[in-house]
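A.B. asks: Summarising the annotation, TrEMBL assigns domain 'Peptidase S26' to 15-95, 107-148. Sequence annotations record features per position, and here TrEMBL assigns active site to Ser39, Lys83.
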Amino acid sequence: MWSIIREAFDKTLLVAKAYGILHITNSYLCTVALAYGPSMIPTINLTGDLILAERISPRLRKVGVGDIVIVRSPVVPSRVVTKRVVGMEGDRVTYLLDPHNSDEVRSTVVPRGHVWIQGDNIYNSKDSRDFGPVPYALVEAKLLWRVWPPKDFGPMQHIAR
């Protein structure tokens, strides 16, 4: 009887350790994310790409212009968005105000502790052009590797702008 209880306890402990390791890995080291939607076309497919993203760079403040990041939405905090970093604190960013209807541009300086993010598809992206600079603390991960679809398997494209 006690051997059955001991064996059940040992297996439960093993499962708890596995979940603990998985939680720490997913929360602090790296995560797998599904990135989809029109805002990052052509870099990310409309129907979605499975992406490996690492969470260490944002904590060490090693995210830079051209990196694709996962950001907690400043408008809808329950959502995360995938965008490209276009400007870091102190950078002057020039952007099209309304790319659909005019060629009017604006310039702004990214304030301290913030980043400027934009989708690669400026015609269909809600980004810093709409809600302004994003606090750096909302940057959750940096995209590293596209896992799916298999034809696009490989490192994520870094574009310095």
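Positions of Cβ are set from backbone N, Cα and C atoms, glycine also.
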A.B. asks: How far is it from Lys83 (active site) to Ser39 (active site), counting Cα to Cα, in Å?
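C.D. replies: Here the two Cα atoms are 8 Å apart.
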A.B. asks: Are there any residues in the same chain, six or more apart in sequence, whose C-beta is under 8 angstroms from the C-beta of Ser39 (active site), and if so which?
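C.D. replies: Listed in sequence order, they are Val81, Thr82, Lys83, Gly119, Asp120, Asn121, Asn124, Ser125, Lys126, Asp127.
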A.B. asks: When secondary structure is assigned with DSSP, how many helix, strand and coil residues does the domain 'Peptidase S26' (107-148) contain?
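C.D. replies: So the domain 'Peptidase S26' (107-148) is made up of 10 helix, 20 strand, 12 coil.
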A.B. asks: Over the span of the domain 'Peptidase S26' (15-95), how high is the average pLDDT in this prediction?
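C.D. replies: Mean per-residue confidence for the domain 'Peptidase S26' (15-95): 87 out of 100.
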A.B. asks: What's the number of neighbouring CB atoms sitting within 10 A of the CB on Lys83 (active site)?
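C.D. replies: A 10 Å sphere around the Cβ of Lys83 (active site) contains 25 other Cβ atoms.
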